[in-house]
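Quick one: the structure is below, questions incoming.
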Amino acid sequence: MMKPSIAEMLHRGRMLWIILLSTIALGWTTPIPLIEDSEEIDEPCFDPCYCEVKESLFHIHCDSKGFTNISQITEFWSRPFKLYLQRNSMRRLYTNSFLHLNNAVSINLGNNALQDIQTGAFNGLKILKRLYLHENKLDVFRNDTFLGLESLEYLQADYNVIKRIESGAFRNLSKLRVLILNDNLIPVLPTNLFKAVSLTHLDLRGNRLKVLFYRGMLDHIGRSLMELQLEENPWNCTCEIVQLKSWLERIPYTALVGDITCETPFHFHGKDLREIKKTELCPLLSDSEVEASLGIPHLSSSKENAWPTKPSSMLSSVHFTASSVEYKSSNKQPKPTKQPRTPRPPSTSQALYPGPNQPPIAPYQTRPPIPIICPTGCTCNLHINDLGLTVNCKERGFNNISELLPRPLNAKKLYLSSNLIQKIYRSDFWNFSSLDLLHLGNNRISYVQDGAFINLPNLKSLFLNGNDIEKLTPGMFRGLQSLHYLYFEFNVIREIQPAAFSLMPNLKLLFLNNNLLRTLPTDAFAGTSLARLNLRKNYFLYLPVAGVLEHLNAIVQIDLNENPWDCTCDLVPFKQWIETISSVSVVGDVLCRTPENLTHRDVRTIELEVLCPEMLHIAQPGPSPPQPGDYHPNGGPTSASPYEFSPPGGPVPLSVLILSLLVLFFSAVFVAAGLFAYVLRRRRKKLPFRSKRQEGVDLTGIQMQCHRLFEDSGGNSGGSGGGGRPTLSSPEKAPPVGHVYEYIPHPVTQMCNNPIYKPREEEEVAASAAQDTGATDRGGPGTQPTGMAEVLLGSEQFAETPKENHSNYRTLLEKEKEWALAVSNSQLNTIVTVNHHHPHPHHSAVGGVSGVGGGTGGDLAGFRHHEKNGGVVLFPPGGGCGGGSLLLDRERPQPAPCTVGFVDCLYGTVPKLKELHVHPPGMQYPDLQQDARLKETLLFSAGKGFTDHQTPKSDYLDLRAKLQTKPDYLEVLEKTAYRF
């Protein structure tokens, strides 16, 4: 047989490698089924539930399926199973409900709104080990509630409303190890409740427990206890709680998770029970007497059975428990310790203590998960639940916090009380950002640098009691935005700066008792949410309400006892304030020190008349309405500021003064703005069309003003014989060139200078005669009512020098009566303009009048006239005032002479002139004035012999085009006719 060649061997080797690599690759890409996944479901599931197999157990998930009764689950399972029935609607568990589910090892009934469990409801569940009843509405555990659960090891009933537990409720649960009853309403635990059980974990947080007695209660718990939680209960720290304190000193220090915080009495509120001495809790008895009276056994003299009494005694050993580890650091290099004895494992192979709502539980560790770094000379305790470290450095003789080396990791609580620390610097807490409690009490601290606690953002409790601090400033508390409890009692504090606590918005408790305070500054408590305040044993004579006590909106308790209150008028606001809060909120008495007649009397029992007699004098002046801030003997303040009271002659608070000034300022601004808007609107608003009576009234005003102007001018210029008719003053001289704006005549003066508006003597005589003759002359047939400002055209109308007839002149009163009569009889309210484009441009206006009845060439051609008292009144040739072309129109036909309202004639047809009359402008332009005078000359110069051949129309139009830049009322009258 031939041996294979080297080439064949190499080929075979390559093939083997290829096969091997292929096998490895195939193994990587092909999943290997796990034992758990390979298990087949050999049990039927129940619709609509979901089933699976985990860890050799059958899991049946029936959460949120709407079940109202256990009997609705009709399936039977022969193998051990876990049943999940969370978030259903089972209000009650009936007797023998679980008989067909006898193989269940865990049942979760959480969040079902359960209200009652009938006797024997759990019959048949002999192998059940875990029962979850959390988040229901159970209010009682009776002696027969848990019958049939002999194998139960874990019971979770948190977040219910349990108020009563009967003493035999757990007597049949001999294997119970974990009991979770947190967040219920349990006020007291009955005697011998835990006699038949051996608990390792007990959670009683968030109930209403005030005390736990030793006999029949604590003596049954401590036999195998590994973890105890008692937080968030209103513990009453008096003589009775000494039993609990003494018992806590006999169990491992780390077995207690959290603090036991005192609720009452008030001077212990917020303090840890373990930090209070027994002599303070019960000052009348010694420790041995207290223990003897309460039946607490003395510690055994044998070292083997002695438990450490306080953290400082645990100096030579390391204790490993279910939830914490204690480690002591010494000056020497620590030697390796022996492996501690492992605690007796729990009865179940699984973990026993899950979270509040999570069924799976991790097993407890017996070794610290991380290395412990503890400062030299201190004792450290590590809690497994949050990996927080408690550093105990009490009574170690430290002079500075910087001596704490090495710095611990994740320290939660740091106790440095009873040392020799004098100053606190900003750099002292550079590696303590995780602290939630810092105890610096009973040192010699007199200086705290601003921002010293800025590196402690998570700090919730700060103890600075029993030091030498004299002043509190806002900078001291910078960075303490999470602080809840602050203790400053037994210092020498004399001064608190304004807004000292404003940087601590979450502050709930503040102790300032036993200091040297005499007053509190403004805004001392602004920005805080204080619920408890202790001001006991200071030197307060009174406390201001405004700016101080008024900020205590969330106050629950306040201690004001042992202060030298001065019961005078200054105390009235304070008295009113303490009467408005609940009587339960004020701890103790508020006794007067002065004056002598009120010594040792409670401020709340003194009437206001006795406290402040001056108030009687203030209240006597009578029935004036109550003003804000007033106090009355039988009542409180009458305003929303119930504590703003100033004694007689006292100064007005600055805040009230500033507020009043602001109110006045804004009121003045709004009033001024309103007036400005009103005036502006009035200026811009156009006058509406008016009635005939309003036109007459306006005309009367203008006429009277013109008459006054005539008489004033006549008086100034004099008259012949002293009785001459007053004449209008001569027109003003034109201003010199370059000063065209220096003289601006008033429009009324210019208007009255126009001869067409001057009253004629014949008209005055006729009006006087009409007034004398009475109603007969006015109302007889054939008579015409006197027109209001009749338009008279004729040679006599334009005479520049009227006739001297003293009998025709009347007083101003007579003229006013005449104008009033004319107003009442006025019938006309419209005017039409004269047409300038007539076929005979060379005819003058006067010529047209001369030819009434047949002349048609002038501007007034076609008008017929009516002579009355020597005057001429024009009538249209047809229509209302006679025949001919219309110059004057009326609303309805009347044979009376036509009269024209003067004001409406001027302003009714030209809005711009009306606006000029209402708001005279500041100036007038010379060209407009000259144009108006030129028109006046052209229109009314007939009396001076002006004829049509002297000024042809073309020259007039050229001259007017040169002088006039804006239309005036005469131009408008010449071109357009309006009816209004």
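Every residue, even glycine, has its Cβ placed from backbone N, Cα and C.
Since this is a predicted model, take the numbers as computed values, not measurements.
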Of the residues Asn597, Asn805, give the one that Swiss-Prot describes as N-linked glycosylation site.
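My reading of Swiss-Prot gives Asn597.
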Quick check on the record annotations: which of Asn69, Asn431 is tagged N-linked glycosylation site by Swiss-Prot?
Asn69
Apart from its near flanks, which chain residues at least 6 from the ends of the repeat 'LRR 10' (482-503) lie with a Cβ under 8 angstroms of it?
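That would be 267, 270-271, 441, 457-474, 476, 509-518, 520-528, 534.
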Using DSSP, how many residues of the repeat 'LRR 10' (482-503) fall into helix, strand and coil, respectively?
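Its residues fall into 0 helix, 5 strand, 17 coil.
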